[in-house]
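Asker: Pasting in a structure now, in structure tokens, and then I'll have a few things to ask.
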Amino acid sequence: MTSHRSGSNTSGISEFLLNCFVRSPRWQLWLSLPLSLLFLLAMGANAILLITIRLEASLHQPMYYLLSLLSLLDIVLCLTVIPKVLVIFWFDLRSISFVACFLQMYIMNCFLGMESCTFMIMAYDRYVAICHPLRYPSIITDQFVIKAAIFVLARNAIITVSVPILSARLHYCGRNVIENCICANMSVSRLSCDDVTINRLLQFVGGWTLLGSDLILIFLSYTLILRAVLRLKAEAAVAKALSTCGSHFILILFFSTILLVFVLTHVAKKKVSPDVPILLNVLHHVIPAALNPIVYGVRTQEIKQGIKKLLKKGS
């Protein structure tokens with residue numbers, strides 16, 4: 001533990017130690033291989049998707065621009081969390097500087113919110129495409145995507161900035177071992193000597209306001225989509241409508257299911273090992289990122305053809 005000051009921290013702590021799976025140390029060994037493979041898959045698949053959308057003229061449409069935004073967010077989230085976790089697993093380099101810890105906390109909170117918001121905008125895109133197909137070209141334009149991207153960035157960057165600021169301003173009076181693989185807000189805040197009620201409340205209210213409102217709007221969009229689809233008489237039209245929404249809906253399920261399980265394990269703390277929420281928190285930053293581009297690549301004919309063209313050019 002170091003004794004000099006750092007930034008706004010008046011406690012004498014200049015670094016933290018991330019204590020991964022302290023109750024299940026064997027997890028580190030057998031988790032490192034699948035985690036590194038998932039990380040490489042996430043980086044590679046998202047990079048291929050971004051390059052395909054960039055180079056294939058037929059994919060220069062608002063729906064694919066939103067998908068590009070999702071891929072960029074996934075890449076940043078993965079790079080923020082997974083390399084550090086793997087370094088801990090492989091080399092036991094558990095220390096993280098005071099500034100790096102709170103920067104990681106900010107990026108995680110901000111970008112998870114951005115991802116949720118992007119899903120909500122993609123749900124609106126599908127709603128307009130199915131419920132108002134004739135008006136779709138005039139509503140979902142390139143300008144709409146630019147405005148949506150600015151909204152996604154501004155909303156989450158501004159709302160989530162208070163979380164790391166409040167945590168960084170706490171007085172840390174000696175303990176610097178974080179019982180987590182990542183700098184999660186409450187894992188860090190509970191090390192301080194101050195009352196962390198406000199931090200806990202902010203995390204809860206902020207999280208449910210951002211993610212909760214997005215999920216409600218997504219649910220509303222899909223309810224209206226389903227109602228519109230059921231009114232269609234032609235089976236082919238129904239199949240096409242459901243297919244266009246299927247990929248997007250699968251991605252939302254990946255994102256929200258892991259999040260829901262994570263919340264439930266936190267609620268049932270006494271019944272599950274404390275290492276389980278930590279594991280879910282880490283996996284939430286890599287599993288959706290690895291699966292998102294694959295789901296779209298497999299289920300979307302235009303993307304599949306674009307990737308084939310790209311591979312042919314490369315060979």
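Glycine is treated like the rest: Cβ placed from N, Cα and C.
Below are the features I grabbed from TrEMBL:
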type     : residues : note
TRANSMEM : 27-51    : transmembrane segment
DOMAIN   : 45-296   : domain 'G-protein coupled receptors family 1 profile'
TRANSMEM : 63-91    : transmembrane segment
TRANSMEM : 103-124  : transmembrane segment
TRANSMEM : 144-166  : transmembrane segment
TRANSMEM : 208-230  : transmembrane segment
TRANSMEM : 242-264  : transmembrane segment
TRANSMEM : 276-298  : transmembrane segment
Asker: Top stretch among 103-124, 144-166, 208-230, 242-264 for CB pairs under 8 A with the transmembrane segment (63-91)?
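Answerer: Stretch with the highest Cβ contact count: 103-124.
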Asker: Within the same chain, where does the transmembrane segment (27-51) have neighbours whose Cβ lies under 8 angstroms from its own Cβ atoms, ignoring anything closer than 6 residues to its ends? I mean 6 or more beyond.
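Answerer: Distant Cβ neighbours of the transmembrane segment (27-51) are 20-21, 67-68, 71-72, 74-75, 78, 82-83, 85-86, 88-90, 275, 279, 282, 286-287, 289-290, 292-294, 296-297, 303, 307, 310.
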Asker: Near the transmembrane segment (144-166), which same-chain residues lie under 8 Å Cβ to Cβ, leaving out any that are not at least 6 residues past its ends?
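Answerer: Same-chain contacts beyond the flanks: 62, 65-66, 69, 102-103, 105-106, 109-111, 113-114, 117-118, 121, 185, 198-199, 202-203, 206, 209-210.
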